Amino acid sequence: MKFFGADYYPEHWDRETWRKHVELMKNYGIEWVRIGEFAWSIVEPTDGVFDFSLLDEAVSLLKDNGMKVIMGTPTATPPAWLVKKYPEILPVDYSGRVRSFGSRRHYSTNSKVYRDYALRITEMYAKHFGDSVDAWQIDNEFGCHGTTYSFSEADRKAFIEWLKAKYGTIEELNRSWGTVFWSQIYSDWDEIVFPINTPTFENPHQMLDIYRFMSDSSIEFLRLQADVIRKYSSKPITHNFMVDFMDIDYRKMARYVDFVSWDNYIATEVYDPLRQSANHSLMRSLKHAPFLVIEQQPGRVNWRQRNENYSASHLSMWTKQCYLNGAMGVMVFRFDQIRFGAEQFHGGLLDYAGRVTKRLEEFSKCKAELGETVIPKREVAIYFDYEVEWMHRINHVNRDFRYWDSLVEIYRAVKRLGYNVEFVFSDDELNGYSLLIVPYALHIPEEFRMRISKFEGPVVMTCMSGVKDERNWIVERAPQDLIEEFGVEVMDFGAVKNIEILAPGKRLAGKYWVDELRVCDASVIGILNDGTPIITRKMGMGNGASRYYVGTVLDEDGWIEILKHELEPRIVGDDVEVSNLESEKVWTLERKLMGVLNLKATRNVAFVGGRKIDLEPFQLLMLEG
Amino acid sequence: MKFFGADYYPEHWDRETWRKHVELMKNYGIEWVRIGEFAWSIVEPTDGVFDFSLLDEAVSLLKDNGMKVIMGTPTATPPAWLVKKYPEILPVDYSGRVRSFGSRRHYSTNSKVYRDYALRITEMYAKHFGDSVDAWQIDNEFGCHGTTYSFSEADRKAFIEWLKAKYGTIEELNRSWGTVFWSQIYSDWDEIVFPINTPTFENPHQMLDIYRFMSDSSIEFLRLQADVIRKYSSKPITHNFMVDFMDIDYRKMARYVDFVSWDNYIATEVYDPLRQSANHSLMRSLKHAPFLVIEQQPGRVNWRQRNENYSASHLSMWTKQCYLNGAMGVMVFRFDQIRFGAEQFHGGLLDYAGRVTKRLEEFSKCKAELGETVIPKREVAIYFDYEVEWMHRINHVNRDFRYWDSLVEIYRAVKRLGYNVEFVFSDDELNGYSLLIVPYALHIPEEFRMRISKFEGPVVMTCMSGVKDERNWIVERAPQDLIEEFGVEVMDFGAVKNIEILAPGKRLAGKYWVDELRVCDASVIGILNDGTPIITRKMGMGNGASRYYVGTVLDEDGWIEILKHELEPRIVGDDVEVSNLESEKVWTLERKLMGVLNLKATRNVAFVGGRKIDLEPFQLLMLEG
Amino acid sequence: MKFFGADYYPEHWDRETWRKHVELMKNYGIEWVRIGEFAWSIVEPTDGVFDFSLLDEAVSLLKDNGMKVIMGTPTATPPAWLVKKYPEILPVDYSGRVRSFGSRRHYSTNSKVYRDYALRITEMYAKHFGDSVDAWQIDNEFGCHGTTYSFSEADRKAFIEWLKAKYGTIEELNRSWGTVFWSQIYSDWDEIVFPINTPTFENPHQMLDIYRFMSDSSIEFLRLQADVIRKYSSKPITHNFMVDFMDIDYRKMARYVDFVSWDNYIATEVYDPLRQSANHSLMRSLKHAPFLVIEQQPGRVNWRQRNENYSASHLSMWTKQCYLNGAMGVMVFRFDQIRFGAEQFHGGLLDYAGRVTKRLEEFSKCKAELGETVIPKREVAIYFDYEVEWMHRINHVNRDFRYWDSLVEIYRAVKRLGYNVEFVFSDDELNGYSLLIVPYALHIPEEFRMRISKFEGPVVMTCMSGVKDERNWIVERAPQDLIEEFGVEVMDFGAVKNIEILAPGKRLAGKYWVDELRVCDASVIGILNDGTPIITRKMGMGNGASRYYVGTVLDEDGWIEILKHELEPRIVGDDVEVSNLESEKVWTLERKLMGVLNLKATRNVAFVGGRKIDLEPFQLLMLEG
């Protein structure tokens with residue numbers, strides 16, 4: 001990996017302490033440092049008065065010590081004076097309440113006043129630093145704390161403009177939104193309001209457009225900043241994406257950054273290493289390219305109900321997992337550990353007294369151990385769409401269902417069989433993959449349906465797929481091409497809690513949803529207790545490959561059973577992650593490389609092929625096939 | 001049953017589709033069709049511009065095909081232009097937030113502006129259709145989504161007028177509300193506000209008046225519309241009441257409609273057929289007359305956490321249950337199934353492609369099988385009062401207790417013994433009933449206390465009865481007539497979680513509440529573990545009949561034990577519903593008719609008298625005694 | 001005990017009923033009566049018009065019958081006319097919503113308008129009654145229902161003044177609050193707002209100042225009233241404190257009252273007698289002096305989810321428990337039981353018909369049985385700080401942890417060993433105590449750290465202690481004096497759910513938090529499963545006594561094990577409370593007195609020394625040692 005680094009806040013320390021810190025960075029191999037992204041009130045202490053001296057000194061010190069600097073624009077934290085002067089820049093939450101100053105992300109991207117101030121400070125940064133820094137991060141964690149969504153008057157006005165651009169006429173909007181239902185026909189654009197605190201369910205077509213608009217607003221805000229920076233700097237631009245985050249269409253946003261970065265924090269109250277891996281994979285898939293972990297959880301965080309203090313060897317394992325999933329670098333958040341502020345209990349690589357921790361030592365060791373950036377091979381593709389995630393939120397048949405969580409179950413199943421997963425989007429080419437899974441894909445654009453037909457390997461499609469059009473209307477019938485491709489038609493459907501499926505020699509568990517299938521041209525390979533078909537297989541499609549249809553939501557074990565029809569298990573073992581790698585350095589046609597990472601803090605055993613593998617705690621083993 | 005029908009929305013389809021739909025209606029025996037109740041923005045696209053052409057064409061097509069039409073007034077969905085023009089018509093919720101446009105029922109009945117617009121569109125409908133339609137439905141589901149309650153300035157002003165009419169002087173209000181408590185004495189009417197977001201418990205007398213006023217506001221709004229319609233049409237007027245709904249005094253509202261209709265949707269997350277039956281019975285009891293199920297759940301709905309897809313044979317069973325409980329008709333919501341709008345996942349009698357479903361076929365079969373409307377005989381009466389339900393919400397001793405849920409437990413007990421239940425209100429005559437139950441009746445007007453004394457059959461009264469006066473004050477002591485009638489005095493009381501009751505040869509379970517009884521003149525037939533009396537029986541009252549007092553809340557099984565003292569079990573069996581019928585056609589003095597409905601989707605067995613009855617899945621069997 | 005009394009509301013009754021009530025008071029030994037605290041709208045029915053006739057007559061009647069009167073100022077319930085005239089006096093909750101009229105405590109202490117009105121009515125009371133009453137209660141239950149906190153514009157302005165007084169310059173505030181974090185630097189005082197509805201975590205230093213300011217606001221409001229009263233009356237002043245209540249620094253507030261009173265209601269849904277005892281002890285510790293239970297729960301209350309009707313013998317036991325913990329009196333809330341108002345289901349000493357209850361009889365018996373006020377001996381001291389409680393609320397490592405609940409576990413452990421507990425504050429002298437516990441004390445002022453060093457008995461300190469400074473910053477390292485005193489340094493820490501601790505011959509349970517310890521100079525007496533030290537003991541400090549450090553949160557049983565190192569168990573038994581007493585009357589150097597109270601409603605057995613003690617239900621036994 002190229003980037004070993006850490007996030008750092010010079011404004012939190014005096015100059016003398018900087019020098020101690022930078023000395024330690026150098027000693028422990030920290031080469032990339034991100035700074036500046038919360039420094040607005042330092043740089044512009046009052047309206048229009050700019051002072052870059054602190055950042056200048058910090059950049060000089062870092063550069064003088066041979067480090068690379070990623071400069072963050074500070075727009076995630078508008079200063080107090082700006083909020084006082086223009087309270088209308090504050091966002092409004094879905095309950096209609098203004099979100100106040102006092103933490104961070106307290107702005108609406110659609111406030112014109114805010115945009116002007118944000119672009120002015122961005123331009124000042126860009127003009128001032130130009131190419132003297134090595135990369136740029138725009139803002140910080142767009143959408144964190146639910147801030148993708150704001151419902152102020154500025155947002156409403158912007159939404160109406162967005163709708164005008166999309167629909168042209170109010171009549172076209174009325175048709176598309178089905179406003180004839182419940183007498184919601186608009187006679188004028190300005191009648192459109194956000195459905196905040198409606199007595200009951202909102203218009204599902206309007207809701208989908210709201211999700212799109214809010215995502216687009218963040219993307220537009222990023223794009224405007226990127227354009228400003230590019231006027232003054234040739235250095236690459238990125239933004240730090242988040243774990244398990246679905247409010248912004250990252251695929252779309254990724255177009256406007258030069259490389260993808262993300263913040264690798266444990267996503268769930270109960271730590272699940274393969275869920276983190278699924279996020280790595282999604283981030284890699286956004287551009288189908290190596291990515292940067294720009295914030296790596298160091299150990300304890302401060303924002304959970306219970307903030308566990310993970311051992312230093314955890315940080316080591318996490319770093320190896322980043323590597324194994326195609327990261328080109330890891331930067332730990334944060335180098336220093338501070339005594340004040342809302343994150344005072346967040347861990348760092350130093351302790352509160354500024355002493356080196358085992359975490360810094362372990363991280364430093366990783367740098368020595370890990371080689372060049374590796375690239376996981378294309379093996380299994382899972383179809384993914386941010387808009388589908390939004391559709392699943394709206395008026396669902398089963399409100400217990402969570403799209404991403406159910407995809408993670410599939411991800412885990414594939415990985416436990418020893419295969420890589422890449423996520424594919426509707427405009428992705430499918431060459432190189434050996435198996436395609438199309439799960440819970442409420443809407444599938446025609447473009448991608450055609451790719452499915454042409455796909456030469458086996459395809460597994462599930463319930464809920466192709467049920468909606470791009471307006472979020474239910475389709476009259478499933479698209480004819482899908483019916484023919486899979487040999488089944490979904491006649492009706494409904495929610496379930498749990499169902500039992502009888503597959504040859506095995507009982508599987510289904511949940512959330514059950515289809516009522518008409519089998520036109522396929523074998524039945526799974527039935528319900530009353531004999532109804534629920535899983536089917538059609539042979540001889542796409543160059544002889546099979547087409548599977550699964551009319552319910554399987555759990556991880558059920559997925560393993562279905563996938564075993566096509567994927568020979570490569571590994572037997574628990575709590576290990578396998579990654580099959582290629583890279584300029586390690587991959588030749590004759591030479592296969594498999595990385596096996598022990599996810600446990602204790603010794604572990606796995607079998608790869610017939611071979612027994614002994615693993616030390618958190619050990620990463622590179623096997624040649 | 002006379003009415004077989006469905007609800008239909010011509011505005012959701014083009015003319016050609018109408019013709020296909022109406023053809024199918026005709027073929028499958030749909031004779032009654034309800035339309036128009038969400039068509040405001042079609043009929044009045046902008047302020048004061050009216051266009052009835054769509055509804056006219058639809059009515060003509062339906063009438064030309066021999067159908068009857070129920071026309072709904074569209075006041076549940078004020079159009080966007082009206083909300084834009086007069087935002088003050090929007091309701092305000094109990095947290096003080098305005099409820100916005102974007103779903104339905106977004107209006108306050110007390111907004112004068114809204115009343116004017118609503119009565120104008122109603123008059124336009126009435127004038128336009130007059131007697132050319134066959135019945136009227138006013139608005140749609142008053143109070144749905146908590147909309148009985150609105151706390152806007154318009155509501156506050158109307159509340160003060162309502163209070164002035166009730167109390168005359170502010171001094172009288174102060175006395176009645178006990179405002180001397182916590183220094184709440186008003187010196188002027190305008191000081192009165194809704195107790196929104198008070199630091200702690202509200203004035204319980206004020207709260208009861210608020211519940212009354214809000215219920216009265218809906219009733220008044222209905223009455224005003226009904227008066228307008230009656231100026232132009234001689235056809236009967238109804239309104240669609242709701243399941244398990246207690247916010248509006250339906251007994252009082254029923255005075256202003258010509259017949260009672262209701263919307264038979266499954267009330268609870270776990271389906272309980274006898275709870276639906278209890279609702280049928282309550283609806284029949286409002287006017288002690290046959291009623292219409294104007295919206296019957298077809299299968300899947302869209303508004304639950306998990307929306308199960310019930311089989312077509314469920315619809316068949318539900319229709320039979322309507323029949324058995326005295327419905328004069330069943331109309332399925334909805335005929336068509338639509339692809340857009342907030343209810344896009346709601347089932348219908350057609351599928352999304354317009355194809356006939358098994359649901360339509362099964363419903364059509366019911367029409368052939370079921371005869372004339374039947375009338376369940378008067379057997380067991382349960383005293384019921386909407387105001388008592390409201391009193392139970394306020395400052396309760398045990399906030400876990402739910403009045404209606406506990407009544408449903410009694411209802412189930414009586415039905416499982418093979419007897420009919422009718423609910424009776426304070427101004428109902430009690431002739432014809434063989435047993436009277438007075439449960440949890442916090443307030444019992446003197447008028448009804450006198451009916452209890454005169455009642456010639458056995459009476460069971462429970463804890464919490466007669467504890468409050470009509471102002472929601474606690475009484476000094478229980479009324480003397482009740483003490484004498486039942487032979488016990490309640491000295492004190494308190495909440496419990498669970499208690500065990502020792503009855504002769506049996507242990508019963510009590511919950512929620514326990515009385516401390518002074519037994520004056522009765523036998524003790526149930527005691528607590530410490531020997532305290534909790535259930536008593538006084539013999540020889542009302543023509544020799546017994547008076548039972550139950551000083552706690554029994555569960556269903558406990559009620560069966562108590563009621564067996566007076567009701568010889570007529571049936572043994574689970575998951576069957578029995579209804580003992582009379583009707584002009586089927587009932588003579590010599591001939592008894594018992595309907596037995598298998599509530600299960602599988603075969604079932606029951607014993608009636610000594611006779612074994614085999615029942616097919618969901619079968620309805622009519623037995624002659 | 002000197003005070004046997006009850007709370008009474010003459011304004012709720014007519015004059016004739018007063019006479020009956022006072023006659024009953026006299027017959028049953030009620031000698032102290034509190035009145036007047038919700039009578040504002042009686043005394044000042046409209047702005048500036050005063051009428052004391054009702055209270056005058058009531059006071060005369062009581063005094064004529066030999067009773068003592070505590071007069072309450074009525075400022076907890078501003079009248080309707082005042083709210084109507086000045087709506088800006090209403091408090092604003094943390095969600096930004098105005099709290100409305102209609103219950104009680106609907107005012108902000110920082111509203112200047114309200115202060116003027118409140119001090120005017122207080123002055124009228126003080127001037128009018130002067131020394132003709134026997135004591136004063138100011139307002140009622142400051143902070144009840146979360147009303148310590150109000151976020152109106154008046155509060156914001158007052159907060160800014162408070163900050164100016166504390167910090168002098170905005171620069172100093174910026175430094176102390178660490179506003180450089182997340183760009184929160186203020187350039188002007190008026191930019192400071194309450195962090196209501198921020199997107200994410202608030203500034204922890206600002207939050208601590210908000211808790212301080214809100215507490216100070218209530219204290220200031222009390223002080224202003226006390227000053228007014230003292231101008232006209234020489235009688236003692238008190239205020240009724242609450243159970244388990246931590247929003248106001250009662251230690252600080254207690255400075256401004258002449259004696260501490262509190263309202264002894266059961267604090268938890270599941271009744272825990274020793275938790276009530278812990279509250280008695282905390283109240284006694286505020287001034288290290290006898291206190292008054294000015295409101296004693298009579299039996300049933302009305303404000304719980306389930307309001308159980310406790311037996312009259314419970315009231316007797318509760319009264320004995322008050323006595324045993326050093327109460328100088330008990331007054332029952334309330335004498336009468338009323339039929340109206342928000343507390344209509346609250347029990348009293350009479351029933352709804354005005355008849356004497358067993359409760360009154362039992363309470364009256366207690367008066368005969370209990371002797372002079374007793375004083376529990378100083379034995380075990382637990383360090384306590386209201387500010388620490390506030391720190392624990394903010395940005396905690398483990399949000400499941402509750403400071404006071406964990407202190408109650410320690411309290412229970414000490415009591416079950418047969419020892420008294422007194423809480424000590426940072427400015428308390430520690431002489432007289434034999435053991436000191438310093439638990440979860442996030443911040444320990446230097447003043448108290450010095451007292452620890454000088455303490456001659458054993459000291460037990462726990463995790464989380466000394467971790468913060470007075471600004472709520474985390475310290476660089478634990479204070480050197482503590483490290484030396486206890487022989488351990490905390491290197492790092494984190495949250496846990498549950499851990500197992502291996503102590504000699506015993507397994508203990510830890511929870512919430514775990515320290516990573518560097519043991520410098522102590523023996524390890526408890527380790528985790530992986531061998532990490534977690535409990536240590538350093539011998540030979542403070543006159544040879546031990547210093548224990550416990551690096552996690554023990555449960556009650558764990559505390560008993562640790563404390564047994566120092567405290568020889570004096571009693572064996574469950575559900576008994578022991579109090580070791582001294583008093584002028586009962587205590588001589590030769591004579592020890594131990595009170596043993598059976599907390600159970602059934603017979604009980606305990607062993608004191610080797611002696612078996614048989615206890616009747618709820619019996620209080622006084623043993624001489």
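Glycine too: its Cβ is placed from the backbone N, Cα and C atoms.
As annotated by TrEMBL, active site, proton donor applies to C:Glu141. Counting Cβ atoms from all protein chains shown, C:Glu141 (active site, proton donor) has 19 others lying within 10 Å of its own Cβ.
Around the Cβ of C:Glu295 (active site, nucleophile), 23 further Cβ atoms fall within 10 Å across all displayed protein chains. Per TrEMBL, the feature active site, nucleophile maps to C:Glu295.
The substrate binding site annotation in TrEMBL covers C:Arg104, C:Asn140, C:Trp303. DSSP gives C:Asn140 (substrate binding site) a coil state; it is part of no helix or strand. With a 10 A radius on its CB, C:Asn140 (substrate binding site) counts 22 other CB atoms from all the protein chains.
Feature annotation from TrEMBL assigns domain 'Glycoside hydrolase family 42 N-terminal' to C:7-370.
Here the domain 'Beta-galactosidase trimerisation' (C:379-567) has a mean pLDDT of 96 out of 100. If you look up TrEMBL, you'll see C:379-567 marked as domain 'Beta-galactosidase trimerisation'.
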Within reach of chain B, those recorded positions of C:Arg104, C:Asn140, C:Glu141, C:Glu295, C:Trp303, CB-CB under 8 Å: C:Arg104, C:Trp303
Residues C:Arg104, C:Asn140, C:Trp303 [recorded substrate binders]: greatest CA to CA distance in Å: 17
Rounded to the nearest Å - Cα separation of C:Arg104 (substrate binding site) and C:Glu141 (active site, proton donor): 11
Long-range Cβ environment of C:Trp303 (substrate binding site), under 8 Å and at least 6 residues apart: C:Glu343
Spatial separation of C:Glu295 (active site, nucleophile) from C:Glu141 (active site, proton donor) - C-alpha basis, Å: 11
Whole-number Å value for how far C:Glu295 (active site, nucleophile) lies from C:Asn140 (substrate binding site) (Cα to Cα): 11
Structural state of C:Glu295 (active site, nucleophile), classified by DSSP into three states: strand
Cβ atoms near C:Arg104 (substrate binding site) (within 10 Å, other residues, all chains): 24
